[in-house]
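Here the structure comes first, spelled out in structure tokens, and everything after it is commentary.
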Amino acid sequence: MDGTRPHRTNPLLRASLKRPNILITGTPGTGKTTTARYIAEATGLEHVSVGDVAKEKECFEGRDVELDTYILDEEKLLDHLEIILADGGKVVDYHSCELFPERWFDLILVVRATNAVLFDRLSARGYSARKREENLECEIMQVVLDEALESYEKEIVHEITSETEDDLQENAQRVKDWLTQWKVDCRDRVQKAEGMEE
Ligand code: DAT
């Protein structure tokens, strides 16, 4: 095999050199968007807000007036996201995670918040009492964390908090360290595969 261009012909090796996709999930108000933006800035990965993609590509089937939310056209949204995530290198944020194919993500960060912090943030957002209570209950019952643990390998699911500037820096550093290790693991995988090819 040509040592200077080892990955031209082997799709398996090419796939293993793809940059990772990271999903940042959690109850609304826990700090997903803030964290995702910060991490993207710190790592050079690209932030993808699933909510923004849904709006831009009009992935809605209507509006649930009672719940005060849009009804998502999941199939349409997933089709758009598949294209966006295909090359890797994305930091994706969304308040749910079970709708995505497991293979899309290499790391899942679940942002958690205390009741008091979430109450204040959702109140500041002008949520109705009902919507606020639903989200607070969702966080207390750790719905999104359980969803993540059921949908992905437990080893790649991590809980984080986002309340202070220090939290943002610390979380970004953790992701940077993880990316460094991820690259080392990729290189090892490629070298091993090359060894097996020879
Ligand atoms: P989400 O995307 O989960 O709905 P957000 O990122 O919009 O949440 O954050 C909700 C509010 O909390 C917003 O006013 C910004 C603030 N916030 C989040 N993380 C923070 C942090 N680490 N330090 C200070 N404020 C933060």
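Glycine is treated like the rest: Cβ placed from N, Cα and C.
Under the heading ATP binding site, TrEMBL lists G29, G31, K32, T33, T34, R125. Residues within less than 8 Å, Cβ to Cβ, of G29 (ATP binding site) and separated from it by at least 6 positions along the same chain comprise A113, L118, R121, L122, R125, N135.
What TrEMBL lists as region 'NMPbind' is 49-72. Mean model confidence of the region 'NMPbind' (49-72) amounts to 90 (pLDDT, 0 to 100 scale).
Per TrEMBL, the feature region 'LID' maps to 124-134.
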Least surrounded, by Cβ count within 10 Å, of the binding-site residues T33, T34 is T34
For G31 (ATP binding site), which residues of its chain lie six or more apart in sequence with Cβ-Cβ distance below 8 Å? V111, A113, T161, S162, E163, D167
Most crowded position, judged by CB atoms within 10 A, among K32, R125 as binding-site residues: K32
